[in-house]
Every structure is written in structure tokens, then in C-alpha cells.
Amino acid sequence: MATLIAPINHSPVADAEALHKAVQGWGTDEKSVITILGHRNVYQRQQIRKSYHETYQEDLLKRLESELSGDFERAVYRWMLEPADRDAVLANVAIKDGNKGHHVIIEIVSVLSPEEVLALRRAYHNRYKHSLEEDVAAHTSGHLRQLLVGLVSSFRYGGDEINPKLAKTEADILHESIKEKKGNYEEAIRILTTRSKTQLLATFNRYRDDHGISITKKLLDNASDDFHKALHTAIRCINDHKKYYEKVLRGALKRVGTDEDGLTRVIVTRAEKDLKDIKELYYKRNSVHLEDAVAKEISGDYKKFILTLLGK
């Protein structure tokens, strides 16, 4: 469930006028920006942007980018983008981050539906004038490159059919692939990048039943290099993306120096989807409400905006 509660009846023209007033003259009325944009769904935000451009012959997104700053500006900018365009921006930033960004690319393409991955790839083409696959390939090598390129170029079957015999066979292949780091990595990559998510869940469950340990825990024991860490992230995201996101938030808030990029990414991308469920998981895991943890670690207009998206 989403945390965003948008008004049913809203006027994009009135919102555009209010936002224009908020960014006019000396200083910006950040409160109005947060109050309006923090309570509008993706369709409404695009209508506001269109109305703003028609009325003032100016791109609202570029105006906000010039008026706001820091983590607040980045959060508002990403919130204003259409989902596929936002994912393209996040993927490009992650590619430029090198080893530190691999998990973000894997997270994005492993959680999205097949159609959403296609939309991401089109948005990436349009924005950067080259393909997501070629950029990922240019910044990686070896088995890691094979895994990441396979994930970003995959168009999985999206149905619910399961082949139990195949789940058994491929659970054994995955077991051999990660055992003592001497397995057939190409086969593991083939399975993770081509099978439907439903089939993979059956395979992961069969792995646990046959080997007495979850595949993610087994991989965690072996995850000392970038490739095994990438395998671990892909499986976690496919297996239970909400639990994965809870861990990202926990890590972002509990590390020395808050990881604002991780915090913004999860909240901005999930506020209209399942952030309420992720919040509940966070409370069960940490005995602290996510809003309270966020309020303690960040400040200013960035804090107000993030808390607004959290439904506070």
C-alpha cells in the first residue's frame, strides 16, 4: 500500500499558479512547494508541469532545480519525474558510481515488471542517447558484466505458472554455482536473468527445502567479491523486495552519516506503491517507527518533504 494520499479533485492550473508564486522574487516558499507536490500523485504532477509550461513558457522542473538545493532539491527533482524517467536517472547515477552503484542498478531492474524495465530502457535511450545495456557493459567486466547486462536487457515472462521439476533442477544448479565459489556461474546467470519471478521463487523455496538454508544466507557467507554481492542483491530483490527495501532504509539511517541517496531513492520510488508495507516491516524489525527514525537523522526542508511522502 502507498503512503501518498492525493486529493481526488485538484486544479493543475491553480497548483501551477501557486508554485509560480512560491518561486518568484527573492527566496523560495519551500513550504508551498512541499504542501502541493508532496500531496500529488504522478499523473497530477505531470498535469501541473504541463500547465506550468503552458502558462509561463518555462519548465517547472528546471525552475525547481535552480531554486532548491542539496538533498531537498534532489528529492523533489526525482519525485517530479515520471517513473521510467526517474529510474533512468537513478540508473545513470549508479553507473557513474562504479562498484558502489551496482546494487542500485540490480535493485531497479529486479523489482520492476517486464513492461516497466522496457519503459526504463526507452527512457534511458531518450535521455542519454545510448542504451542502458552499453553503459552497464562499459563500466563492468567478467561475470559481473554478464549478470548486470542480462538483468537490464531481460524481458521475463510475467505469468504465474510454475514448473516444479525445473525448480528442483535449477535449485541444484544454483547450489553448485555458489558452493565454494567454483561453480558454473554462466548457468546461475542464465537462471536469474531469464526465468519468471514466480518460477524463481519456486526455485528459491526448493533450494531452502533441499539444503536446509535459504539461498540468500548461503550467498551472504560467500559474498566477499562484487559478483557474489551482486548475486545476493538480485536474489533478495526478486525474493522479497519489501524486505530488501527495509534493509536499505535501516542501513541508510543507522550508518555514521545518513545515506541520503538511499533514503531518498526508496521513499520517492515506493511512496505511490508499497511504502506503507515497508514502514510496517521497518517497525517490526527495529521497534521504531520509520518517521521517527527519519526525523532524528535528517533536517530542514528535506526532512519536511520526506516526512510528507511518508504520510506524516
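Sequential numbering from 1, following the chain as shown.
Each residue, glycine too, has its Cβ placed from N, Cα and C.
Record features, source TrEMBL:
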- Gly25, Gly27, Glu67: Ca(2+) 1 binding site (BINDING)
- Arg255, Gly257, Glu297: Ca(2+) 2 binding site (BINDING)
- Ala295: Ca(2+) 3 binding site (BINDING)
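Recorded features from TrEMBL, shown on the structure.
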residue : record                : Cβ within 10 Å
Gly25   : Ca(2+) 1 binding site : 8
Gly27   : Ca(2+) 1 binding site : 9
Glu67   : Ca(2+) 1 binding site : 17
Arg255  : Ca(2+) 2 binding site : 11
Gly257  : Ca(2+) 2 binding site : 6
Ala295  : Ca(2+) 3 binding site : 16
Glu297  : Ca(2+) 2 binding site : 17
Arg255, Gly257, Glu297 excluded, remaining Cβ within 8 Å of their centroid (Ca(2+) 2)
Ala252, Leu253, Lys254, Val256, Thr258, Asp259
Reported as an integer number of Å, what is the Cα distance between Gly25 (Ca(2+) 1 binding site) and Arg255 (Ca(2+) 2 binding site)?
39
Ca(2+) 1 site shell beyond Gly25, Gly27, Glu67, criterion: Cβ within 8 Å of Cβ centroid:
Ala22, Val23, Gln24, Trp26, Thr28, Asp29
One should report the C-alpha separation between Glu67 (Ca(2+) 1 binding site) and Ala295 (Ca(2+) 3 binding site), rounded to whole angstrom, as 24
Euclidean distance between Cα atoms of Gly257 (Ca(2+) 2 binding site) and Ala295 (Ca(2+) 3 binding site), Å
14
